[in-house]
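**Q** Next up is a structure, given as structure tokens.
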Amino acid sequence: MALLSALYLQALIIMSCLAFGLASYSPLSPAYYNRVCPQALPTIRSIVEDAVRQERRMGASLLRLHFHDCFVNGCDASILLDPTPTIDSEKNAIPNANSARGFEVIDRIKAQVDKVCGRPIVSCADILAVAARDSVFALGGPYWPVQLGRRDSTTASRSAANNDIPSPFMDLPALISNFKKQGLNVNDLVALSGGHTIGFAQCRVFRNRIYNETNNVDASFASQLQATCPRTGGDSNLASLDPSPAVFDTKYFSNLLTKKGLLHSDQALYNGGQTDNLVRTYSTNFFAFSKDFANSMIKMGNIKPLTGKKGQIRLNCGKVN
């Protein structure tokens, strides 16, 4: 009970800090469904909590879906579209193939939300945004007012996904440039990278780091990981992104201070560059990290949303109407 009370108090403080800045980001509104379907958000939260209860890793997977959606032509649920003769599905892009997961949870949410609302009112893009927030909160992270009113795309772009989703092999200048392209600054980069406080990564994306990097990786850390990730084979073997992959905390940043970032792009945030100070701050200040993470999630969620008559409200998240 004490933990729940503390999380609730933290959520109230963060929401009050963020409420003043919402209007400056986009025409979306946290109250978008309040009148037309007040049951929508509680329904999403219930299903997300159930999914995370069954598999804690699912929280990180749902957060990642939203991130990978927003970085490809905006937050429009294009990542959910299945391949067809006219849809070059982002599911088949290098960052997502045999990696992105949680689609069945989104489908379950969509079916139930449409049922309680009486018709398709809630977009798949909004479901992704709310599910990401609810996943973070379920794992002990902040709760923020998700802006709503997005509509769903009628197209997808595998090539844009390959080009625009940040690579785990990027150095700091490339990461800064990548985020700047999306209207996100250096602080957003560090805060959002902190999403790696939950979840896992596959061997294929950290193999080079643990075998070929020497200056910015702890030797014993690399050696331990080599038991999970051999030089050849085992590409899909998993390692946790920080020591507590099912808890939203600051251990991701603490790891960076000791050269134990799992991905090259993680350790790039603490390697003598301009982001070092913020990494140090977040490593010991959970409230500062949580507040900035929530604020950056709101910014990311407002990347080029489709509103008004643009796009559509999909009947099935995996198919264009």
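Every residue gets a Cβ built from N, Cα and C, even glycine.
Straight from TrEMBL, here's the annotation block:
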type	residues	note
BINDING	ASP69, VAL72, GLY74, ASP76, SER78, GLU90	Ca(2+) 1 binding site
BINDING	THR197, ASP242, ASP249	Ca(2+) 2 binding site
SIGNAL	1-23	signal peptide
SITE	ARG64	site 'Transition state stabilizer'
**Q** Do any of ARG64, THR197, ASP242, ASP249 (recorded positions) have a CA within 10 A of VAL72 (Ca(2+) 1 binding site), and if so which?
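**A** Within 10 Å of VAL72 (Ca(2+) 1 binding site): none of them.
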**Q** Nearest to THR197 (Ca(2+) 2 binding site) by Cα, among ARG64, ASP69, GLY74, ASP76, GLU90 (recorded positions)?
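**A** That would be ARG64, nearest by Cα distance.
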**Q** Excluding ASP69, VAL72, GLY74, ASP76, SER78, GLU90 themselves, which residues in that chain have a Cβ inside 8 Å of the centre of the Cβ atoms defining the Ca(2+) 1 site?
**A** HIS68, CYS70, PHE71, ASN73, CYS75, ALA77, ILE79, SER153, ALA156, SER157, ALA160, ALA161
**Q** In whole Å, how far is ARG64 (site 'Transition state stabilizer') from ASP76 (Ca(2+) 1 binding site) when you measure between their Cα atoms?
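**A** Cα-Cα, rounded: 14 Å.
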**Q** Which of these binding-site residues has the least crowded Cβ, counting other Cβ atoms within 10 Å: ASP69, ASP76, ASP242?
**A** ASP242
**Q** To the nearest Å, how far is the Cα of ASP249 (Ca(2+) 2 binding site) from the Cα of SER78 (Ca(2+) 1 binding site)?
**A** 30
**Q** Long-range same-chain neighbours of GLY74 (Ca(2+) 1 binding site), Cβ under 8 Å, sequence gap at least 6?
**A** ILE303, LYS304, PRO305, LEU306
**Q** Measuring Cα to Cα, tell me the gap between ASP69 (Ca(2+) 1 binding site) and ASP242 (Ca(2+) 2 binding site) in whole angstrom.
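**A** On Cα coordinates alone, these residues lie 23 Å apart.
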**Q** Around GLU90 (Ca(2+) 1 binding site), how many other C-beta atoms are within 10 angstroms of its C-beta?
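**A** If we count other Cβ atoms within 10 Å of GLU90 (Ca(2+) 1 binding site), we arrive at 27.
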**Q** Determine which residues of the same chain, besides THR197, ASP242, ASP249, have their CB within 8 A of the center of the CB atoms at the recorded Ca(2+) 2 site, and list them by sequence.
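**A** So the extra residues in range turn out to be GLY194, HIS196, ILE198, LEU241, PRO243, SER244, PRO245, VAL247, PHE248, THR250, LYS251, TYR252, PHE253.
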**Q** Taking Cα atoms as reference points, rank the recorded positions ARG64, SER78, GLU90 by distance from ASP242 (Ca(2+) 2 binding site) and give the first.
**A** ARG64
**Q** Just counting, how many other CB atoms are there within 10 A of the CB of VAL72 (Ca(2+) 1 binding site)?
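**A** Summing over all protein chains shown, VAL72 (Ca(2+) 1 binding site) has 28 other Cβ atoms within 10 Å.
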**Q** Measuring Cα to Cα, how many Å separate ARG64 (site 'Transition state stabilizer') from GLU90 (Ca(2+) 1 binding site)?
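**A** Taking the Cα atoms only, ARG64 (site 'Transition state stabilizer') lies 14 Å from GLU90 (Ca(2+) 1 binding site).
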